[in-house]
C-alpha cells in the first residue's frame, strides 16, 4: 500500500498520471499551481494524443500507458465509498469492446479552476480511471486544444465561465462534454443560461456520482474511433453502401463514387436503388456473373436490423483497380491497328502495380501517376497498320500527320463541377413549317437536314436561337435577345453555302448535339454555366469560313492561313479567330460579350478557343487521352473548372464527329456530303499536281462504305464509347454500331458508279 497523508485521513495513492511528484507524498503536497499543471498536463496530453487514430497502413485506436513509466501497477487506495469503483489496475488495461474492435478506455478531463481542484469529485474521477488536468482559466483554451479531453469541468467561481465554455467549444476538434461545478446546486434559470454556452450538465464539488461521466466517456471513445473506420472504408477498393432501417442511404464510400459517377452528397439521404447498383459497370472478367450476384448484402450483427450494408464484390481475378470508372484507360483498340498513346500504357501499368503493393511504394506510384497525368504527354503513337489497310493509313496521313511531323502537346487534366441552367421555349416568330421542324430539337433523332430545307438554309440561326433561349444564354452573357439574334445571323452568313459538308447546317447539327450532350444529368452536374454557354457558342462557330478543303491542302498550297498559323491547327485557329473578330468589330453591333467584365470575357474566350481547337482531328487522340485520365470524384474545389473544360472539350469534339451515331438515314446523308467534299479536294489536288491527301477519296475508285467503316474504326468508336459511358448515353454507341454493321454489309455491293450525284 502507498503512504498515507494526514490530511482528512485520506489514503495516499500513486497518481494515475504517473508524475513522480505525486507517487509517494500523496496528492496534497505543497506545489505551486504552475508546477502541478506541468506535472499533470504533459502525460495527459501524451495519453490523449496516443488515443487518436493515426492512418498509416494499419489503424490504431490508442497507445499504451503504464504508471511510473512501467508495466506494472501497485494497489490503489480506495476513495471514500464511490458509487462506481474500478479495479486497482493500470489504465492501459482498461478496454471497451466496440463490435469487433477493442477501444482503449482513455478518459481525460480538464478541470478549470483558480484553486487546486482537490475535492470529492476529483477523487471520484481519479478513482474511476479519469486522467485529470487542473488548468487555470487563462490556460484553459490551450490545454483543451493540446489534450483533447472527453470532458471539461468549469468552476463557476472563475470569472466569465460562459465565455470560457464558448472558447473551449471553438477550439475543440472533437465533441467534448462541458460541465459546470459549484458548491451547491444551481437554479433551473441559471442552468438554462449556462446551456446557451454549451454547458450541458452541472455537478457539485462534493459529488461522488461519476457514473454518467463514465458512460459518456465510453461513448466518446467509441465515437473517436469512428474516423479511422470511415477512413479505411474510403481507402478500400470495393464500393460500399450503408442504408438505415427505412432503406435510406446513410453512407457511401469513395470507391462507390468512382464506380457510379455519383457524388456522395447526391446519394446520401436518398432511398436505396437496386437499379442503381445493377447499372454499375462490372469488373473485367465478370461478364458471365449474374447481375444479382455483383453486390453482396452484409447483415449487421445486431438484433434490430437498423442498418443494411451492400458491398460490391471484388473481381475474382484480383484486379481491384477495375472498380474505378473504366473510361478506357486502355484504348478500345480499333480494328485497324494499335492506336495507343504511350502515356496511357504507362499509366495502365502503374495502376496495375499500385493495386498489388501497399504503404509507401503505393503512394509513390500514385504520385508518379499524378505527375505523368499533369504533363503534356498525350500525343498518340500510331504503332502500325495492316499492310492492306489503306483506309486507316490514308486517314492518318491526311488528317493527322498532314505530311509533316506533328508534335502535339497536351495540357494537364483534373475534374468535377456544378449544374446547368434551366430551359424554356422560344419567343421569336417563325413559320409553321420551321416551328414543326424545331419541335424535337432536344432529341437525338432531330432531323437538322429537314430544318435546313424548310428554313431555306437558315438552320443555324433557327436552331441556334431555340437552343440559346432554352439555355438562357442571354442571361449568362447579359445581352438582349435581339443582339444575340444579330450575332448568330452574322455567324451564319460567314459560312460557305457552297460547301456540301462544312457549311452552316453542319454547325447547326453540332450545336444541337452539344445541347443534347449538356442536357444529360451525368454531364450537367460536372459542367458550370459559363462553360456550358461557351460550348454552345463554340459549336456555332467551330467551322466558320471553312473553305471546304482540309489543313493538309492549305499547307501543300502554301495558303496565307497556313503561313499565319505555322501549319498548326490552321483552320481551327482561323474559325475561332474570325468569330471573335466579327463579334468585337465596333460597327457591326453584334458584340454579345459587351456586358461581361474583363475577367469574365477572358474566361469565356479561353474556353471557346480551347473547345474549337479540340475539334482538330489531328489532335483527336490527345484530347481523348486527356479525357480518359479525368476523375470526377473527390477533387479539390479549385480543380473543378479545369475538369469542366475538359468535359466540354470532349463534348464538342464528339458533337463534331457525331454523324456516324445519328439515325441511319441522317448518317447516310451526312456521309455522302463529306465524301463529296473529299472527292472535290482529291480532284483539285490531282489537277494541280499537289500531294494527294487521301487518295482513297477518288471518285473513280472510292468505296464509300469502306471509308465510313474506317472512320468509325479509327476515330468515332472509341470516342463515343468513352464519352457515352461517362454521359450515360449508351444508346448512341448502340446506334453507331448498328450503322457500322449496315455500312459493312454495303461494302461488297458498292461500285464507283454509286459515287455520281451522292448529294442531290
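The backbone N, Cα and C atoms fix where each Cβ goes, glycine too.
Residues or ranges marked as active site, proton donor by Swiss-Prot on the basis of similarity to another entry: 502. Swiss-Prot lists 506, 542, 543, 656 with the feature divalent metal cation 1 binding site, giving similarity to another entry as the kind of evidence. Here Swiss-Prot flags 543 as divalent metal cation 2 binding site, drawing on similarity to another entry. Swiss-Prot lists 33-47 with the feature compositional bias 'Low complexity'. Residues or ranges marked as compositional bias 'Basic and acidic residues' by Swiss-Prot: 412-429. The annotation domain 'PDEase' is assigned in Swiss-Prot to 426-750 on the grounds of sequence analysis. Annotation source Swiss-Prot lists region 'Disordered' at 1-47, 410-429.
Recorded residues residue 543 (divalent metal cation 1 binding site) and residue 502 (active site, proton donor) have their alpha carbons 7 Å apart, per Cα-Cα distance. Scoring each of the recorded positions (502, 506, 542) by how many neighbouring Cβ atoms lie within 10 Å, the top position goes to 542. Counted within 10 Å of its Cβ, the other Cβ atoms near residue 656 (divalent metal cation 1 binding site) come to 24, all protein chains included. Close to the recorded divalent metal cation 1 site, the chain also has 502, 507, 510, 539, 546, 615: residues not among 506, 542, 543, 656 whose Cβ is within 8 Å of the site's Cβ mean position. Note: the CA-CA distance between residue 542 (divalent metal cation 1 binding site) and residue 502 (active site, proton donor) rounds to 10 Å.
According to DSSP, residue 542 (divalent metal cation 1 binding site) is assigned to coil rather than to any helix or strand. The two recorded residues, residue 656 (divalent metal cation 1 binding site) and the residue listed as 'active site, proton donor', have Cα atoms 11 Å apart. For the domain 'PDEase' (426-750), the mean pLDDT of the prediction comes to 95.
The secondary structure of residue 656 (divalent metal cation 1 binding site), as reduced to three states from DSSP, is helical. A 10 Å cutoff on Cβ-Cβ distances gives residue 543 (divalent metal cation 1 binding site) a total of 24 other Cβ atoms nearby, all chains included.
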